[in-house]
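Peer 1: Not my notes, these are from Swiss-Prot:
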| type | residues | note |
| --- | --- | --- |
| MOTIF | 7-10 | motif 'Subfamily I CxxC motif' |
| BINDING | 160, 161, 194 | Mn(2+) binding site |
| MOTIF | 247-250 | motif 'Subfamily I GNFE-like motif' |
């Protein structure tokens, strides 16, 4: 998915958000915005994939701020909220008529742990009620039966956010019961609110998946040229790729890797429009 005219304002908003997480120095924040504008000006006209451009911008901002992980406290908070709500989520999945479908929905509800997205608020304090309400609301696009059918061979699960990854474990367990091999992939370095190896271990993903890999240098989503050989091989040999979140959708929706199950909450207009849903809708869409 190529960058939309709406994307730059959101990117700059997120730059400001993450800079404010670590400093009140207006000159330093302005430098972050200035550098981001330069990168946008140099690259926007070529219509790159938004997540690829965002990766370049956030890496530069981190350099300016001199901080490895501006979102560290935010991610820790998300993980703690998710850890506390996970027993309820497990109860909802296990008590449903279709645990696989419900685990898909719960994992997508977890996709709301996405900080700094323009117009999107993470409801930490009321997440229990939010979870129950969204499960009742259900999916706008529901390809869960096809996802279940495709989960028999080698499955690669591309994670997205910290916090969210706790809810992913419920779906991973459902997939693990059916598949030949389950590989989970996280970010190789801290980038925005995305899950890294540390978050995966905290959520005990390493105890569920047969293999825990990274996307290399910590890109937002997937940049094929940055993938470690073992991750690229796993993706190329997968019978199903489960791709969580909007960044993975942006990176892979026009690519050749298939079949892919895109599981996400459409949190912005460009992604919602590209999929054909409304902002706020939950999507489980298979592309073959």
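The backbone N, Cα and C atoms fix where each Cβ goes, glycine too.
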Peer 1: Among all chains shown, work out which of the binding-site residues 160, 194 has the most CB atoms within 10 A of its CB.
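Peer 2: Per the Cβ count within 10 Å, the most buried is 160.
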Peer 1: Residue 161 (Mn(2+) binding site) has how many other Cβ neighbours within 10 Å of its own Cβ?
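Peer 2: Neighbour count, Cβ to Cβ under the 10 Å cut-off: 29.
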Peer 1: Looking only at the motif 'Subfamily I CxxC motif' (7-10), what is the mean pLDDT?
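Peer 2: Mean model confidence (pLDDT) across the motif 'Subfamily I CxxC motif' (7-10) is 94.
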Peer 1: On the DSSP side of things, how many residues of the motif 'Subfamily I GNFE-like motif' (247-250) fall into helix, strand and coil, could you say?
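Peer 2: Helix, strand and coil residues of the motif 'Subfamily I GNFE-like motif' (247-250) number 4 helix, 0 strand, 0 coil.
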